[in-house]
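Notes follow the structure.
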Ligand SMILES: Nc1ncnc2c1ncn2[C@@H]1O[C@H](COP(=O)(O)OP(=O)(O)OP(=O)(O)O)[C@@H](O)[C@H]1O
């Protein structure tokens, strides 16, 4: 899996890879040549007392060492460039893919896991590429070259070397296979830690208010403890590797010295050959240990590559239209026709056979008890999810046939939980219309009843991530202003007056009525005072429409509406 993954994603770096292997080959050949030259100096120079030979071969060794240094640093430069490039490419690919996924896939994989995959898992893959290119490639060349040169020195002694290298490689492979499930578990513990951290940092005020610090610390410690325990088990397996490698290699060295001693005594082998063979054994031991350090990370990188690949292969359940409709003849028409929808894994649909129509100039309020499916209904009109039955039509076109760009041009959305991005007030307001002028921003702020608090701060006042530096009510008004700047045909307002006092809400609704007299507004709310002025109210109960009409019509005829209305005090009295 890892090899296939890397083969695919390293395609743009094939040239670099070839150059890197060439440099590693030269570097390793230079390293391996030095013991051979050393053996020659001893046999032909030192033992025969030939100073000229010693000088000549010594200078050659200096030249070889210079080549070795230059090629090694060149290879390191290329490998770090290649791995950094791969990391950048993978993060970009994952980010782009996540941006195309629908809410359904994001829910399924989970936001914390997507973050771990983009940052940590890509980092693991990047790291294995760096160490493989830097260390493992030269280690493999060193092993093969070392064995080949040992064969040149003495075939019978080299056979012992080959047999033991095969035993070490087989033992290492077995151990690496055992590590894979632990690495899988470690990555999912990391997901969980990320999930807990996000939840606890975002919910820190609730934790303090309910004095749940101890409880939350316990939850965090439990997962952190699991990660720690798994890492220790991995560490224990890894700790046996050097023991095995070093034992085998020490036995090998003793065996070579013992066997070679007899052969030198017989006169079938020279002293220089023994010294060269011992140098090769050292080089091969070092190469195997280096490769082992890299390959112990391979199972973890394989798990990470798999997790990254899962995101890259994920297909959005919101299919792109085959022949997208980019222009519609009508403007501002929204219709749900027998719309049915169920969340994945849910026992029953959240919305059943919902029908409603909203036309330009109309404000259709959706009222219903909590959990009745109001926000879900807006999600369908935004195509965050596709209906499982029936249709959503915008300007008489099935939303599934509309070009996504056109859809998002037509529809403006103010979420229930106003979300702002880090930047400034102006950058948030221009989120849907980058070329909006300052005048347009101030106009939107005036209507959203936000100009008063923005004026002393200025449009360039900083906004922190999520908008935590402004109050809930201010955040809601900024989110309304952001939608107004775009001037869409249809506004989907999800309970976005909930944090406003009744006076501000009344002024805002009056300003919206003046400004958006020809727009279509679908307004989710729990407040009767908000729906009184609506052209029509649709009452939802348990995912079904149980009434539709004006406030005056429903108050007398609709039981659910009456119950909600009677439960809400107005001006200190109950209706
Ligand atoms: N992403 C989701 N996955 C699974 N179920 C969900 C999801 N979002 C909402 N639900 C479920 O769908 C039902 C309707 O939720 P929805 O948010 O549409 O209700 P609502 O009427 O807007 O509620 P409220 O007035 O409290 O905001 C609820 O039972 C909720 O548990």
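Numbering starts at 1 and runs along the chain as it is shown here.
Backbone N, Cα and C define each Cβ position, glycine as well.
Just so you know, TrEMBL annotations are computer predictions that nobody has curated.
Your range for transmembrane segment, going by TrEMBL and the list 17-36, 97-116, 157-176, is 157-176. Within the listed segments 191-213, 214-236, 237-259, TrEMBL records transmembrane segment for the stretch 237-259. Through the fold, the transmembrane segment (157-176) approaches residues 143, 147, 150-151, 237-238, 240-241, 244-245, 248-249, 251-252, 255-256, 259-260, 263, 269, 277, 280-281, 284, 288, 292, 295-296, 298-299 of its own chain, all at least 6 residues removed from its boundaries and within a Cβ separation under 8 Å. Ranking 55-78, 237-259, 271-295 by CB pairs under 8 A with the transmembrane segment (127-151) puts 271-295 at the top. Residues 16, 19-20, 23-24, 26-27, 30-31, 33-34, 37-38, 40-41, 44-45, 133-134, 137-138 of the same chain, all 6+ positions outside the transmembrane segment (55-78), place their C-beta atoms under 8 angstroms from a C-beta of that stretch.
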